[in-house]
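Beneath this line is the structure, given in structure tokens, with notes to follow.
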Amino acid sequence: RERVRAMFYHAYEHYLESAFPYDELRPLTCDGQDTWGSFSLTLIDALDTLLILGNVSEFQRVVNVLQEGVDFDIDVNASVFETNIRVVGGLLSAHLLSKKAGVEVEAGWPCSGPLLRMAEEAARKLLPAFQTPTGMPYGTVNLLHGVNPGETPVTCTAGIGTFIVEFATLSHLTGDPVFEDVARKALKALWKNRSDIGLVGNHIDVITAKWVAQDAGIGAGVDSYFEYLVKGAILLQDEELMSMFLEYNKAIKNYTKFDDWYLWVQMYKGTVSMPVFQSLEAYWPGLQSLIGDVDNAMRTFLNYYTVWKQFGGLPEFYNIPQGYTVDKREGYPLRPELIESAMYLYRATRDPTLLELGRDAVESIEKISKVDCGFASIKDLRDHRLDNRMESFFLAETVKYLYLLFDPDNFIHNDGSFFDVVVTPYGECVLNAGGYVFNTEAHPIDPAALHCCRKRKEEQWEVEDLLREFYSLKKTKKFTLKRASDHGEVESAKGPEDTCPEKAGEKRNSKKSSHSLLSCPSQSFNSKLAVLGQVFLDNT
């Protein structure tokens with residue numbers, strides 16, 4: 001654990017010294033470059049890792065730096081997928097962890113806050129990409145101008161189906177359903193366009209819904225779609241998403257699984273198209289563990305671990321029949337997926353083999369990849385040549401999962417035995433009780449937070465109006481009910497007993513409202529007031 005901590009700071013401090021405010025560190029030349037936009041991406045991606053390592057002072061400093069320095073109103077073409085998982089996901093996670101990190105949060109948190117507003121602003125910049133006939137998004141959007149006129153309509157499956165975790169969280173926290181709605185529509189469009197044998201391909205035309213690349217598997221281009229069906233189901237307690245994944249899981253086992261390896265097949269026929277293992281597929285055992293399929297997960301994990309031991313890392317592509325790397329795919333950019341699976345499986349089994357993988361990963365990365373200015377991607381695992389790049393996911397994911405593997409008492413692993421109670425405009429809610437759902441960039445989302453801000457803004461205003469009138473009633477013994485509707489109509493009555501006559505009810509129901517009206521109380525207001533389940537007594 002302490003070696004992993006030292007790895008983090010060696011990389012992080014050199015990013016700050018040599019690369020900030022650029023997106024990424026170039027460790028061989030000790031400088032920086034913008035890659036996925038111009039967001040100081042490594043800083044956003046590393047933020048929640050700082051807290052997991054216990055560094056609250058640096059977390060607080062970075063929160064201030066990001067508020068002052070990050071601007072999404074820029075003329076930059078950005079990946080919709082990468083901006084969502086790294087920027088929106090990183091900001092949401094940091095927002096929800098702010099109080100735990102000792103940040104002085106504003107009134108109404110977690111339903112409001114500067115990092116939440118930044119996450120919402122970034123996500124709104126992505127919404128134009130979803131304006132297609134199918135609801136499946138373009139892969140790239142200009143943050144200032146929207147989708148470029150000549151933008152290709154071909155997007156990978158993962159680039160369509162990897163939004164529900166971040167976008168549903170945003171909708172639940174802000175009260176704006178548009179984010180969850182577009183994410184669900186995209187998920188369902190992929191489901192609708194699966195093949196007759198239950199598989200999805202790799203790339204699809206988002207205008208015509210025609211599959212352009214018809215290779216089906218669990219790896220690059222598809223991976224996080226399956227991951228988000230499971231994690232979305234857990235986060236939202238959504239049976240439909242889980243049943244979709246379980247149907248896919250059957251087809252994947254039937255057509256792509258051979259001897260605990262997963263191959264690539266033609267999506268309509270099920271015939272093998274590529275007998276390769278991709279390093280990105282190594283998330284799969286961790287995902288299997290989340291649905292309780294631990295035995296199969298361990299068998300597949302051990303296959304993948306043999307590849308790691310062969311090379312000291314996972315090559316991007318590995319030819320299974322030949323037992324060797326694939327030409328031009330020999331690199332290892334310090335990806336986290338095998339370590340991620342080890343962390344999940346260790347939580348499930350406590351099998352010491354998983355700690356051995358963690359130790360091997362630490363030693364490989366330190367021996368092969370460590371340079372004076374950080375850690376460099378490995379260009380070729382056969383001769384250990386390096387590449388001048390340190391991707392932001394190294395600090396967001398690889399180091400984080402390694403640390404969590406070796407830190408069984410971390411707050412992330414909380415089993416519900418301790419928690420915080422916070423008061424929001426909607427009542428009390430429980431946070432930090434555990435059960436965190438990691439997005440595909442390893443940003444933990446507290447599922448309990450989604451229940452803190454459940455009422456729409458209109459209902460919040462209605463509650464506030466009622467409370468305001470209630471307290472003025474106590475002073476004046478008169479009552480005026482203001483409806484929080486768009487047309488601003490005001491209804492008044494001389495006393496509480498006059499607020500519920502049948503005629504007034506008929507008048508109220510004759511006009512359609514954009515929100516649900518609170519039902520009239522059975523007891524007079526000067527005795528008791530119940531608002532959305534909360535009871536306020538006259539003497540409090």
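Numbers run from 1 along the shown chain.
Cβ coordinates are placed from backbone N, Cα and C, and glycine is handled just like the others.
Look at TrEMBL and you will find GLU82, GLU316 tagged as active site, proton donor. Residues or ranges marked as active site in TrEMBL: ASP223, GLU337. What TrEMBL lists as Ca(2+) binding site is THR440. Annotation comment: TrEMBL describes 486-508 as compositional bias 'Basic and acidic residues'. Here TrEMBL flags 486-521 as region 'Disordered'.
Locations of recorded TrEMBL features on the structure.
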{"residue": "GLU82", "record": "active site, proton donor", "CB count, 10 Å": "20"}
{"residue": "ASP223", "record": "active site", "CB count, 10 Å": "25"}
{"residue": "GLU316", "record": "active site, proton donor", "CB count, 10 Å": "21"}
{"residue": "GLU337", "record": "active site", "CB count, 10 Å": "25"}
{"residue": "THR440", "record": "Ca(2+) binding site", "CB count, 10 Å": "25"}
*asked:* I'd like to confirm something. Which of the recorded positions, GLU82, ASP223, GLU337, THR440, has a Cα closest to the Cα of GLU316 (active site, proton donor)?
replied: GLU337
_Pairwise CA distance, ASP223 (active site) versus GLU337 (active site), rounded so that it is a whole Å_ = 11
*Could you tell me the C-alpha distance between GLU337 (active site) and GLU82 (active site, proton donor) in angstrom, no decimals?*
16
*How many whole Å apart are the CA atoms of THR440 (Ca(2+) binding site) and GLU82 (active site, proton donor)?*
10
